[in-house]
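Marked as transmembrane segment by TrEMBL: 12-34, 334-354, 361-381, 387-411, 432-452, 464-488, 569-591, 902-922, 928-952, 964-989, 1009-1029, 1041-1068.
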Amino acid sequence: MKFVEYSVKNPVVVFVGVIFLLLFGYLAIIQMPYSLTPNISRPTVSVTTTWAGATPYEIEKEIVQRQEKFLKNLPSLITMTSNSREGSASVNLEFEIGTDMKKALLDVSSKLSEVRGYPANIDNPVIRSTGETISPVVYLFVKSNTKQSVKEFYTFIYEDIVKFYERIDGVGVVDILGGVSKQVQVILNTKQLAYYNITIEDVITALQNHNINVSAGSLDYGQRAYRVRTIGLYENAESVYNTIVKTSNTQVVYLRDIASVIDTYELPTAPNMHNNDETISLQIRPTAHANVLELINQVRILTNELNEKQLKQHNLHIDWGRDSAGFIQDAIRLVKHDIILGILLAALILYAFLRSFSSVFVVSIIIPISILSSFILLHAMDRSLNVILLAGVSFAISMIIDSSIVVVENIHRHHGMGKRMFESCIDGTKEVLGALFASTITTVAIFIPIIGLKDEIGQLFSDIALASSSALLISLAICLIVIPSLYYSLAKLFAKNTNITRDSSNKSLQFFTKILFINKFQPHFSFLQKKIIFYLRRFKYTIDRTFVKIGIFFYDILAKFLTFCLQSFWTRIGCVGIFGILSIWFIFLLFPKLDYLPKGSQNFLIAYIQAPNGLSYEERLDIVRRIYAYNAPYMQSNGFQGNEQYPAIRDFYISAGTTSIYFYEISSDPTRIKDLISLMQESIDSVPNISGNVVEQGIFSSSGISESVDVNIVGFDIDSILKSANSFMELATTYLPGVRIRAFPSLDLNNREINLFPDMRSLAINGLNVKSFGNIVDVIIGGKKVGDFRNQEGKIIDLVLQSDNTTQSPEDVLYSQIYAPSGQIMPLSSLANIRQDMGLSQIRHFEQDRNILFYINPQSSMSLQEVIETINNKIIPEMKRQNTLQDNKVMMSGNANKLHKLATHLSGGFLLALIITYLLLTALYSNFFYPIIIIFTVPFALTGGFMGLAFVNRFIAHQNLDVLTMLGFIILVGSVVNNAILIVYQSLINLREYKMNVYDSVYNATTSRIRPIYMGMFTSILALAPLIFSSGAGSEIYRGLGAVIAGGILVSTIISVFVIPSLLIFALKPPHNKVV
């Protein structure tokens, strides 16, 4: 206790300590990295394998199934999914939170090294510490400054530009979309092949045997060692042209004798357009633990450098498309503004109760000291400055104010008892030290189960818990050391040995007028200054009298009702029973459905288009042109400034790949982004034979956490899965009206295929086998890549072998002429049976089983729990009744699974918080019954929390009971018990030290604490009000949480001042008797 007296006697030491805290707190806050939310993504590893020209079925069988067989046993693996598409395979591995990524990457690499039986011509698997589920955080667009098509610069961009972005810390992968790579095409002449008796296999073997360097080791000679190599790699098209294909006796057949060689580009496959220009898109996906804001800043700096150097030399430039930095900065700026506004509103309430500028100043100055000091600890714990952390700081403000008020009010009460200010500051602080310690420890302790939570939500909760706990622990020390010292110093400054409340305000008025009238002008304005002081005093007197009358009026009402509640055994029973029953009834009445994360959106809309499978490049290009033409009149780049119907489109991008078509739009007015949804949907509907959904980019999308419910239709037979999936889609549309449903892959089995079934006898007679026949077909249809080489500029050039028999239609395949080793030229139809079938463009696996995935995005008014219950209770039973489910299974993943686990964890966390609070209070009071009385306030807080949530839903914005909002109820356990602690603590002091009887002890403790209790309640609510009522970027994250805490504090405060004293009278006995 001596530290309180020391602080009062040595204000200079305390002042210097405060300066140190403010200085180091400021340094900490400017050094912390910025981000929208804490890192809340799971460790993810992706494995990508390329096999040029292979169909999805071949990819699935030869690559994916082999890799999954070994990867399924990885330690800490949570989920394994894969996607087999034409030419490539991707396997996505999601690990438990806390998994060491370096070890996980090594484990994946080790398992892949065990895979055997790959086809000979596949590329090595590429392992990355990111996955397809993590959304790009930056979109960049390469454009040409000349008439030369930007598509032709793909190789330059891929080899000379992308590498710089991949080196930036935090970049997981850089996707490059659009463009065509350089090729050297060898066009075979079928007649010349027959003339020289050369087969396609001979040509392939000759090209591959020539295009190689062979090392022969080293040769030691004298003092030197010489490396010996045989050089054969091609350097240009001419060296390819001079390849020797066959020799017989004296005849040498060169490639130029049987083929022509063309230095050209591959055929385009994916049209891309940004605003009005053709483009190559670079999409940057972060790693799971990236500092997104710093990553974006580094990308911006690098982009500017590349535009000034490498790209400028090639008449190219990169346009900055979309990034999330602006939204992050706006969200952090908004919550900072809300915190400052909350402090100012709380200060107004403090003045209304205290009517003393100095007292308000003391309490108000404690808030920034505590908050800035807390950032010292947060920076030491390597936290980022994000919206969640700042929300935790803002929630701590109300608790900091409560502690400050208790100390200031008690000092003022002791001074009103006739003590000197020095004694009042020491005695008043010491008297509430135990209560403050108990309330702070119980509040901090309830965060223990929160910090222990795993999953993404545990990462979110930990920032709130650490921010609030740091601020509260530091504020406890500051309240006990700084407040008495500062209060005593102000008392000496403003009014020696007089009433600080009365005279300090007059001194403050004089101080402000001295600021307004500079000393050298003061003689000329002394009269005006006196008048201003007079009217200010009069105004203050009127305001003070009004506040006093209001305060007395409500105090009398509360005191009379308290007297009524405590007057007899039955009134006390009635008070406890009625309020208890009403609270339980309201809890059941208002309990809403559960949701996962807050539904919020950024200034970013993305439309996913479902087009028929197997569309040609020209058809996809036509879709791009139609959608662009529909949106072009509304683009800001075309002069549109917005109107009442639509805001201007600031940024537009569309991509039409072979497996997916999508486009995005960004509004010039972020507050009107939702107005563009109808425009985007209309542009999709304007194109025949396609459909699509427009999805708002969620707040947590950059972390790979979507707002959708993921439903997997799992089975083995693709036809059966498609039948079940179509049934699910139809029923989901019926039972979940208004939801946006997207299937992946498409439900249309209309990807046209031409399957050749070789006649083994015919092949054998003509000197062929299945492999050589397949190579011939590959060459004839689209060209076969037989290798690559680096040209003289160092660029990788693909070497592609093609036939002069161009195929324009499926019928052309039937009559394509080939030269067989038997020496005959014959049509393909004589060697194989040809059949046209339908197939899938992609094959997806969920935990090794084939599946179709549905992304279900509910409306903002529909909770995740409602969607899950509808699927489980209506859709699946109806599918079973109609026998459309067959042998397949419906499995939920993603948020659906997480919600059930999290609800269980939070329920356990809530009970654990109650137990921790009870045990701490038991230890502090050395009594098992008093803590039960204190915890009796929790049901009233729950009622108030649900009322606050209902209020927000009714008057502000739709707010589901998401997991962040649920956290508010856990925080309430530690917050609302503080008022009960004050009443119990003071009652015990009255009973033991002042020798009052039980009734007087309880009544006096309650009435003497009504003012600080209600002061704390109003300041807490007004400090939280800006968080509840704000509607800017990221406000959805903390609005529900703030509403629950504010509502819980309001209702529990009003009720507890009546219920707690009623219970306390039953428990207290005079000191010579034992407590019940």
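Placed from the backbone N, Cα and C atoms, the Cβ positions cover glycine too.
Of the recorded ranges 432-452, 569-591, 928-952, 964-989, 1009-1029, the transmembrane segment (334-354) has the largest number of C-beta contacts under 8 angstroms with 1009-1029. If you count C-beta pairs under 8 angstroms between the transmembrane segment (464-488) and each of 12-34, 361-381, 928-952, the highest count goes to 361-381.
Same-chain residues lying 6 or more positions outside the transmembrane segment (902-922) and placing a CB less than 8 Å from one of its CB atoms are 438, 441-442, 445-446, 448-450, 452-453, 455, 457, 594, 596, 928, 930-932, 934-935, 938, 963, 966-967, 969-970, 973-974, 977, 981.
Packing against the transmembrane segment (964-989) from elsewhere in the chain are residues 395, 398-399, 402, 406, 431-432, 434-435, 438-439, 442-447, 449-450, 457, 460-461, 464, 468, 594, 597-598, 906, 909-910, 913-914, 917, 921, 925, 930, 933-938, 940-942, 945, 949, 1001-1002, 1004-1006, 1008-1009, 1012-1013, 1016, 1037-1038, 1040-1045, 1048-1049, 1052-1053, 1056-1057, 1060-1061, 1064, 1068: each is 6 or more residues past its ends and has a CB under 8 Å from a CB in it. Take the transmembrane segment (569-591) and the stretches 361-381, 432-452, 928-952, 1009-1029, 1041-1068: counting Cβ pairs under 8 Å, 928-952 has the most. Within the chain carrying the transmembrane segment (928-952), a Cβ under 8 angstroms from the stretch's Cβ atoms is held by residues 579-580, 582-584, 586-587, 590-592, 914, 917-919, 921-922, 959, 961, 965, 968-969, 972-973, 975-977, 979-981, 984, 1028, 1039-1040, 1043-1052, 1055-1056, 1059-1060, 1063-1064, 1067, 1075-1076, all 6 or more beyond its ends. Same-chain residues lying 6+ beyond the ends of the transmembrane segment (1041-1068) with a Cβ under 8 Å from its Cβ atoms: 391, 394-395, 398, 558, 561-562, 565-566, 571-573, 575-576, 579-580, 583, 929-930, 933-934, 936-938, 940-949, 951-952, 959, 964-965, 967-969, 971-972, 975-976, 979-980, 983-984, 987-988, 991, 998-999, 1001-1003, 1005-1006, 1010, 1013-1014, 1016-1017, 1020-1021, 1024-1025, 1027-1028, 1075-1076.
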